[in-house]
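Scroll down for the structure; my scribbles are underneath it.
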Amino acid sequence: MNLHEYQAKALFAEYGLPVSEGFACDTPQEAVEAAGRIGGDMWVVKCQVHAGGRGKAGGVKVTGSKDEIRAFAEHWLGKNLVTYQTDEKGQPVAKILVESCTDIANELYLGAVVDRSTRRVVFMASTEGGVEIETVAEETPELIHKAIIDPLTGPQPYQARDLGFKLGLNPTQMKQFTKVFMGLAKMFEDHDFALLEINPLVITDEGNIHCLDGKIGIDGNALFRQEKIRDMHDPSQDDAREAHAAKFELNYVALDGNVGCMVNGAGLAMGTMDIVNLHGGKPANFLDVGGGATKERVAEAFKIILSDDNVKAVLVNIFGGIVRCDMIAEGIIGAVKEVGVTVPVVVRLEGTNADLGRDVLASSDLDIIAATSLTDAAEQVVKAAEGK
(Lines of atoms letter the chains of each structure in order from A; the text may use other names.)
(Lines give C-alpha, C1' and ligand atoms only; values in the text may rest on other atoms or scores of the structure.)
Protein backbone atom coordinates (compact mmCIF):
# COMPACT_ATOMS: atom_id res chain seq x y z
CA MET A 1 0.00 0.00 0.00
CA ASN A 2 1.29 3.45 -0.93
CA LEU A 3 0.64 6.85 0.62
CA HIS A 4 0.15 10.20 -1.06
CA GLU A 5 2.73 12.92 -0.58
CA TYR A 6 0.46 14.94 1.71
CA GLN A 7 -0.11 11.87 3.89
CA ALA A 8 3.62 11.15 4.07
CA LYS A 9 4.35 14.72 5.09
CA ALA A 10 1.68 14.61 7.78
CA LEU A 11 3.55 11.64 9.27
CA PHE A 12 6.85 13.50 8.93
CA ALA A 13 5.39 16.42 10.87
CA GLU A 14 4.18 14.09 13.64
CA TYR A 15 7.77 12.96 14.13
CA GLY A 16 9.08 16.51 14.23
CA LEU A 17 10.65 16.56 10.78
CA PRO A 18 10.85 19.82 8.78
CA VAL A 19 8.17 20.01 6.07
CA SER A 20 6.51 22.85 4.18
CA GLU A 21 3.20 24.21 5.42
CA GLY A 22 0.56 22.83 3.11
CA PHE A 23 -3.02 21.70 2.67
CA ALA A 24 -4.59 18.91 0.59
CA CYS A 25 -7.56 20.37 -1.27
CA ASP A 26 -10.60 18.80 -2.93
CA THR A 27 -11.86 21.84 -4.88
CA PRO A 28 -10.38 24.86 -6.70
CA GLN A 29 -11.87 27.19 -4.09
CA GLU A 30 -10.21 25.23 -1.27
CA ALA A 31 -6.89 25.51 -3.11
CA VAL A 32 -7.17 29.28 -3.36
CA GLU A 33 -8.16 29.55 0.31
CA ALA A 34 -5.24 27.32 1.28
CA ALA A 35 -2.81 29.71 -0.41
CA GLY A 36 -4.32 32.54 1.64
CA ARG A 37 -3.92 30.59 4.88
CA ILE A 38 -0.30 29.78 4.06
CA GLY A 39 0.51 33.39 3.22
CA GLY A 40 3.45 34.69 1.24
CA ASP A 41 3.56 35.44 -2.46
CA MET A 42 4.78 32.14 -3.95
CA TRP A 43 3.24 28.68 -3.71
CA VAL A 44 3.69 25.19 -5.10
CA VAL A 45 0.65 23.19 -6.26
CA LYS A 46 0.96 19.44 -6.83
CA CYS A 47 -1.36 16.74 -8.12
CA GLN A 48 -1.65 13.90 -5.61
CA VAL A 49 -1.21 10.53 -7.31
CA HIS A 50 0.74 7.37 -6.52
CA ALA A 51 3.32 7.92 -9.24
CA GLY A 52 6.56 9.76 -9.84
CA GLY A 53 7.34 12.05 -12.74
CA ARG A 54 4.53 14.47 -11.92
CA GLY A 55 6.58 17.57 -12.67
CA LYS A 56 7.49 16.52 -16.22
CA ALA A 57 3.84 15.63 -16.85
CA GLY A 58 2.59 19.06 -15.79
CA GLY A 59 1.33 17.90 -12.41
CA VAL A 60 3.47 20.33 -10.38
CA LYS A 61 3.45 24.11 -10.71
CA VAL A 62 5.24 26.95 -8.92
CA THR A 63 3.18 30.13 -9.04
CA GLY A 64 2.70 33.51 -7.45
CA SER A 65 -0.90 33.87 -8.63
CA LYS A 66 -4.00 32.60 -6.88
CA ASP A 67 -5.79 32.72 -10.22
CA GLU A 68 -3.22 30.27 -11.58
CA ILE A 69 -3.77 28.04 -8.53
CA ARG A 70 -7.50 28.02 -9.27
CA ALA A 71 -6.89 27.28 -12.96
CA PHE A 72 -4.45 24.46 -12.09
CA ALA A 73 -6.97 22.85 -9.73
CA GLU A 74 -9.83 23.25 -12.21
CA HIS A 75 -7.71 21.63 -14.91
CA TRP A 76 -6.55 18.60 -12.91
CA LEU A 77 -9.18 17.70 -10.33
CA GLY A 78 -11.27 14.81 -11.64
CA LYS A 79 -8.84 14.07 -14.47
CA ASN A 80 -6.09 11.48 -14.85
CA LEU A 81 -2.40 12.36 -14.73
CA VAL A 82 -0.23 10.28 -17.06
CA THR A 83 3.47 9.98 -16.19
CA TYR A 84 6.26 7.61 -17.17
CA GLN A 85 5.39 5.54 -14.08
CA THR A 86 1.70 5.07 -14.94
CA ASP A 87 -0.03 3.20 -17.75
CA GLU A 88 -1.57 5.04 -20.67
CA LYS A 89 -4.72 5.75 -18.64
CA GLY A 90 -2.82 7.48 -15.84
CA GLN A 91 -3.90 7.94 -12.23
CA PRO A 92 -6.98 9.93 -11.12
CA VAL A 93 -6.36 13.26 -9.37
CA ALA A 94 -8.75 13.73 -6.44
CA LYS A 95 -6.65 16.13 -4.36
CA ILE A 96 -4.30 19.04 -4.96
CA LEU A 97 -1.55 19.80 -2.43
CA VAL A 98 -0.92 23.53 -1.98
CA GLU A 99 2.35 24.34 -0.20
CA SER A 100 4.55 27.26 0.67
CA CYS A 101 7.42 27.76 -1.75
CA THR A 102 10.90 26.77 -0.54
CA ASP A 103 14.07 28.41 -1.88
CA ILE A 104 16.57 25.65 -2.62
CA ALA A 105 20.35 25.88 -2.37
CA ASN A 106 21.11 22.18 -2.83
CA GLU A 107 19.23 18.92 -3.42
CA LEU A 108 20.06 15.62 -1.70
CA TYR A 109 18.49 12.17 -1.58
CA LEU A 110 17.54 10.12 1.48
CA GLY A 111 15.66 6.84 1.39
CA ALA A 112 15.25 3.52 3.16
CA VAL A 113 14.18 0.03 2.10
CA VAL A 114 13.97 -3.45 3.55
CA ASP A 115 17.04 -5.05 1.98
CA ARG A 116 16.53 -8.78 1.49
CA SER A 117 20.22 -9.54 1.00
CA THR A 118 21.19 -8.19 4.44
CA ARG A 119 17.77 -8.81 6.04
CA ARG A 120 17.99 -5.32 7.46
CA VAL A 121 16.50 -1.89 6.92
CA VAL A 122 19.07 0.00 4.84
CA PHE A 123 19.21 3.79 4.56
CA MET A 124 20.63 5.31 1.39
CA ALA A 125 21.83 8.88 0.95
CA SER A 126 23.23 10.68 -2.06
CA THR A 127 24.28 14.13 -3.20
CA GLU A 128 22.31 13.45 -6.41
CA GLY A 129 18.92 14.66 -5.18
CA GLY A 130 16.05 15.16 -7.58
CA VAL A 131 17.29 12.28 -9.76
CA GLU A 132 15.78 8.78 -9.85
CA ILE A 133 17.87 6.72 -7.44
CA GLU A 134 17.80 3.81 -9.93
CA THR A 135 19.54 6.07 -12.45
CA VAL A 136 22.19 7.06 -9.89
CA ALA A 137 22.73 3.40 -8.95
CA GLU A 138 23.26 2.48 -12.60
CA GLU A 139 25.40 5.41 -13.72
CA THR A 140 27.27 6.57 -10.59
CA PRO A 141 26.84 3.93 -7.85
CA GLU A 142 29.77 5.38 -5.89
CA LEU A 143 27.58 8.40 -5.06
CA ILE A 144 25.13 6.27 -3.03
CA HIS A 145 26.10 5.91 0.63
CA LYS A 146 24.45 3.35 2.90
CA ALA A 147 23.75 2.76 6.57
CA ILE A 148 22.53 -0.68 7.66
CA ILE A 149 20.27 -0.67 10.72
CA ASP A 150 20.93 -3.48 13.19
CA PRO A 151 17.52 -4.61 14.52
CA LEU A 152 19.04 -5.34 17.95
CA THR A 153 20.58 -1.91 18.54
CA GLY A 154 18.39 0.19 16.25
CA PRO A 155 19.51 3.34 14.40
CA GLN A 156 22.53 5.11 15.86
CA PRO A 157 23.41 8.83 15.64
CA TYR A 158 26.92 7.98 14.44
CA GLN A 159 25.38 6.41 11.32
CA ALA A 160 23.62 9.68 10.54
CA ARG A 161 26.85 11.62 11.09
CA ASP A 162 28.73 9.24 8.81
CA LEU A 163 26.19 9.82 6.03
CA GLY A 164 26.21 13.56 6.73
CA PHE A 165 29.99 13.78 6.32
CA LYS A 166 29.73 11.98 2.98
CA LEU A 167 27.03 14.45 1.90
CA GLY A 168 29.29 17.38 2.78
CA LEU A 169 27.05 18.86 5.49
CA ASN A 170 28.29 21.51 7.91
CA PRO A 171 27.99 21.02 11.71
CA THR A 172 24.61 22.75 11.98
CA GLN A 173 23.18 20.77 9.08
CA MET A 174 24.68 17.61 10.57
CA LYS A 175 22.58 18.02 13.71
CA GLN A 176 19.45 18.61 11.64
CA PHE A 177 20.22 15.63 9.40
CA THR A 178 20.75 13.40 12.43
CA LYS A 179 17.33 14.38 13.77
CA VAL A 180 15.74 13.60 10.38
CA PHE A 181 17.58 10.27 10.12
CA MET A 182 16.62 9.12 13.61
CA GLY A 183 13.01 10.24 13.14
CA LEU A 184 12.65 8.43 9.83
CA ALA A 185 14.17 5.25 11.23
CA LYS A 186 11.71 5.25 14.12
CA MET A 187 8.83 5.99 11.76
CA PHE A 188 9.93 3.17 9.44
CA GLU A 189 9.75 0.64 12.26
CA ASP A 190 6.66 2.05 14.00
CA HIS A 191 4.51 1.87 10.87
CA ASP A 192 5.92 -1.19 9.07
CA PHE A 193 7.23 0.67 6.05
CA ALA A 194 8.60 -1.25 3.08
CA LEU A 195 9.90 1.86 1.30
CA LEU A 196 10.65 5.44 2.26
CA GLU A 197 12.03 8.19 0.03
CA ILE A 198 12.64 11.91 0.39
CA ASN A 199 13.69 13.05 -3.04
CA PRO A 200 14.75 15.70 -2.82
CA LEU A 201 15.85 16.35 0.73
CA VAL A 202 16.96 19.95 0.29
CA ILE A 203 19.22 22.49 1.89
CA THR A 204 17.36 25.80 1.85
CA ASP A 205 18.86 29.21 1.12
CA GLU A 206 19.05 29.68 4.90
CA GLY A 207 21.18 26.53 5.14
CA ASN A 208 18.55 24.31 6.78
CA ILE A 209 17.62 20.69 6.02
CA HIS A 210 14.06 20.40 4.66
CA CYS A 211 11.89 17.47 3.48
CA LEU A 212 10.59 18.74 0.15
CA ASP A 213 8.93 15.52 -0.99
CA GLY A 214 7.79 12.25 0.56
CA LYS A 215 7.15 8.77 -0.78
CA ILE A 216 6.07 5.91 1.49
CA GLY A 217 5.20 2.29 0.76
CA ILE A 218 3.69 0.12 3.51
CA ASP A 219 4.12 -3.63 3.92
CA GLY A 220 0.62 -4.84 3.06
CA ASN A 221 1.03 -7.89 5.29
CA ALA A 222 1.31 -5.59 8.33
CA LEU A 223 -1.85 -3.55 7.74
CA PHE A 224 -3.81 -5.66 10.22
CA ARG A 225 -1.90 -3.90 13.01
CA GLN A 226 -1.68 -0.48 11.37
CA GLU A 227 -5.24 0.81 11.64
CA LYS A 228 -4.25 4.45 11.26
CA ILE A 229 -2.24 3.75 8.13
CA ARG A 230 -4.92 1.42 6.76
CA ASP A 231 -7.44 4.26 6.93
CA MET A 232 -5.19 6.32 4.62
CA HIS A 233 -5.70 3.88 1.76
CA ASP A 234 -6.91 5.54 -1.45
CA PRO A 235 -8.63 2.83 -3.53
CA SER A 236 -8.89 5.16 -6.54
CA GLN A 237 -5.14 4.70 -7.08
CA ASP A 238 -5.35 0.90 -7.22
CA ASP A 239 -5.57 -1.05 -10.45
CA ALA A 240 -9.24 -2.12 -10.70
CA ARG A 241 -8.31 -5.69 -11.62
CA GLU A 242 -5.84 -5.99 -8.76
CA ALA A 243 -8.46 -4.72 -6.31
CA HIS A 244 -11.06 -7.17 -7.66
CA ALA A 245 -8.58 -10.06 -7.45
CA ALA A 246 -7.83 -9.28 -3.81
CA LYS A 247 -11.51 -9.83 -2.94
CA PHE A 248 -11.11 -13.46 -4.06
CA GLU A 249 -7.69 -13.87 -2.41
CA LEU A 250 -5.99 -13.93 -5.79
CA ASN A 251 -2.58 -12.26 -6.08
CA TYR A 252 -2.73 -10.34 -9.38
CA VAL A 253 -0.36 -7.76 -10.82
CA ALA A 254 -1.09 -6.25 -14.23
CA LEU A 255 1.75 -6.10 -16.77
CA ASP A 256 1.96 -4.92 -20.37
CA GLY A 257 2.32 -8.16 -22.37
CA ASN A 258 -0.15 -10.34 -24.29
CA VAL A 259 0.25 -13.75 -22.58
CA GLY A 260 -2.07 -14.21 -19.62
CA CYS A 261 -0.59 -16.35 -16.83
CA MET A 262 -2.50 -18.32 -14.19
CA VAL A 263 -0.33 -20.25 -11.74
CA ASN A 264 -0.55 -21.69 -8.23
CA GLY A 265 2.37 -20.49 -6.11
CA ALA A 266 4.30 -17.24 -6.30
CA GLY A 267 7.64 -18.89 -7.08
CA LEU A 268 6.16 -20.99 -9.88
CA ALA A 269 4.38 -17.89 -11.18
CA MET A 270 7.65 -15.96 -11.43
CA GLY A 271 9.34 -18.93 -13.08
CA THR A 272 6.46 -19.15 -15.56
CA MET A 273 6.84 -15.49 -16.47
CA ASP A 274 10.58 -15.99 -16.94
CA ILE A 275 10.17 -18.92 -19.33
CA VAL A 276 7.50 -17.07 -21.33
CA ASN A 277 10.00 -14.22 -21.72
CA LEU A 278 12.75 -16.70 -22.60
CA HIS A 279 10.69 -17.98 -25.54
CA GLY A 280 9.95 -14.52 -26.90
CA GLY A 281 6.62 -13.82 -25.23
CA LYS A 282 5.57 -11.04 -22.88
CA PRO A 283 3.48 -11.84 -19.79
CA ALA A 284 0.32 -9.79 -19.42
CA ASN A 285 0.14 -10.39 -15.69
CA PHE A 286 1.33 -12.14 -12.57
CA LEU A 287 -1.52 -14.20 -11.09
CA ASP A 288 -1.16 -16.63 -8.21
CA VAL A 289 -4.37 -18.54 -7.45
CA GLY A 290 -2.81 -19.99 -4.30
CA GLY A 291 -3.13 -23.53 -3.00
CA GLY A 292 -6.85 -23.93 -3.57
CA ALA A 293 -7.23 -23.90 -7.36
CA THR A 294 -10.99 -24.49 -7.23
CA LYS A 295 -13.38 -24.01 -10.13
CA GLU A 296 -14.70 -20.80 -8.58
CA ARG A 297 -11.26 -19.26 -8.10
CA VAL A 298 -10.08 -20.39 -11.53
CA ALA A 299 -13.22 -18.87 -13.09
CA GLU A 300 -12.58 -15.53 -11.37
CA ALA A 301 -8.94 -15.71 -12.43
CA PHE A 302 -9.98 -16.19 -16.07
CA LYS A 303 -12.39 -13.25 -15.82
CA ILE A 304 -9.67 -10.99 -14.44
CA ILE A 305 -7.08 -12.07 -17.01
CA LEU A 306 -9.49 -11.68 -19.94
CA SER A 307 -10.60 -8.23 -18.79
CA ASP A 308 -7.27 -7.13 -20.28
CA ASP A 309 -7.90 -6.61 -24.00
CA ASN A 310 -4.20 -7.15 -24.74
CA VAL A 311 -4.36 -10.83 -23.74
CA LYS A 312 -4.15 -13.05 -26.84
CA ALA A 313 -3.53 -16.41 -25.12
CA VAL A 314 -3.56 -17.82 -21.59
CA LEU A 315 -1.05 -20.17 -19.97
CA VAL A 316 -2.34 -22.16 -16.98
CA ASN A 317 0.56 -23.73 -15.08
CA ILE A 318 -0.55 -25.79 -12.08
CA PHE A 319 1.39 -28.09 -9.77
CA GLY A 320 -0.97 -30.54 -8.11
CA GLY A 321 0.15 -31.23 -4.58
CA ILE A 322 -2.67 -31.19 -2.08
CA VAL A 323 -5.22 -30.81 -4.89
CA ARG A 324 -5.18 -33.58 -7.54
CA CYS A 325 -4.52 -32.61 -11.15
CA ASP A 326 -7.65 -34.38 -12.43
CA MET A 327 -9.77 -32.23 -10.11
CA ILE A 328 -7.91 -29.12 -11.27
CA ALA A 329 -8.50 -30.10 -14.91
CA GLU A 330 -12.23 -30.44 -14.25
CA GLY A 331 -12.18 -27.03 -12.59
CA ILE A 332 -10.41 -25.49 -15.60
CA ILE A 333 -12.93 -27.02 -18.01
CA GLY A 334 -15.85 -25.79 -15.93
CA ALA A 335 -14.34 -22.31 -15.66
CA VAL A 336 -13.65 -22.08 -19.40
CA LYS A 337 -17.27 -23.03 -20.16
CA GLU A 338 -18.65 -20.62 -17.56
CA VAL A 339 -16.55 -17.64 -18.63
CA GLY A 340 -16.74 -18.31 -22.35
CA VAL A 341 -13.03 -18.07 -23.05
CA THR A 342 -12.37 -17.22 -26.71
CA VAL A 343 -8.56 -17.02 -26.72
CA PRO A 344 -6.29 -20.10 -26.89
CA VAL A 345 -5.65 -21.75 -23.51
CA VAL A 346 -2.50 -23.79 -22.88
CA VAL A 347 -2.46 -25.93 -19.72
CA ARG A 348 0.54 -27.56 -18.10
CA LEU A 349 -0.21 -29.93 -15.21
CA GLU A 350 2.35 -31.65 -13.00
CA GLY A 351 2.05 -33.52 -9.72
CA THR A 352 -0.58 -35.88 -8.33
CA ASN A 353 -2.64 -37.53 -11.11
CA ALA A 354 -1.01 -35.32 -13.76
CA ASP A 355 -1.52 -37.90 -16.54
CA LEU A 356 -5.16 -38.32 -15.58
CA GLY A 357 -5.57 -34.55 -15.58
CA ARG A 358 -4.18 -34.29 -19.10
CA ASP A 359 -6.55 -37.06 -20.22
CA VAL A 360 -9.48 -35.12 -18.77
CA LEU A 361 -8.43 -32.03 -20.75
CA ALA A 362 -7.93 -34.05 -23.95
CA SER A 363 -11.36 -35.66 -23.68
CA SER A 364 -13.15 -32.32 -23.33
CA ASP A 365 -14.68 -30.73 -26.42
CA LEU A 366 -12.91 -27.45 -25.68
CA ASP A 367 -9.97 -25.91 -27.51
CA ILE A 368 -7.57 -26.45 -24.61
CA ILE A 369 -3.97 -27.35 -25.44
CA ALA A 370 -2.46 -29.79 -22.94
CA ALA A 371 1.31 -29.20 -22.76
CA THR A 372 3.73 -32.01 -21.96
CA SER A 373 6.31 -29.84 -20.20
CA LEU A 374 6.90 -26.27 -19.08
CA THR A 375 9.08 -25.61 -22.12
CA ASP A 376 6.39 -27.03 -24.40
CA ALA A 377 3.77 -24.90 -22.64
CA ALA A 378 5.80 -21.72 -23.12
CA GLU A 379 6.46 -22.45 -26.79
CA GLN A 380 2.79 -23.28 -27.44
CA VAL A 381 1.37 -20.21 -25.70
CA VAL A 382 3.82 -17.80 -27.37
CA LYS A 383 2.88 -19.23 -30.78
CA ALA A 384 -0.81 -18.97 -29.93
CA ALA A 385 -0.44 -15.36 -28.80
CA GLU A 386 1.25 -14.55 -32.11
CA GLY A 387 -1.62 -16.21 -34.00
CA LYS A 388 0.50 -19.10 -35.29
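Even glycines carry a Cβ here, placed using N, Cα and C.
The model shown is predicted, which means the values in this text are computed figures rather than measured ones.
What Swiss-Prot records for the substrate site is Gly321, Ile322, Val323, and among Asn221, Asn251, Asn258, Asn264 the residue it adds there is Asn264. In this structure the alpha carbons, written CA, of Asn199 (Mg(2+) binding site) and Gly55 (ATP binding site) are 13 Å apart. Compared over the binding-site residues Ile322, Val323, the count of CB atoms lying within 10 A of a residue's CB peaks at Val323. Sequence-distant contacts of Thr102 (ATP binding site), defined by Cβ-Cβ distance under 8 angstroms and a gap of at least six in the same chain, are Ser20, Val44, Val202, Thr204, His210, Leu212. Rounded to a whole value, the Cα-Cα separation of Gly55 (ATP binding site) and Asn264 (substrate binding site) is 40 Å. Secondary structure from DSSP puts Glu107 (ATP binding site) in a beta strand.
Calculated from their C-alpha atoms, the gap between Arg54 (ATP binding site) and Asp213 (Mg(2+) binding site) amounts to 12 Å. The binding-site residues recorded for this entry are Asp213, Asn264, Gly321, Ile322, Val323, and the Cα of Asp213 lies nearest to that of Lys46 (ATP binding site).
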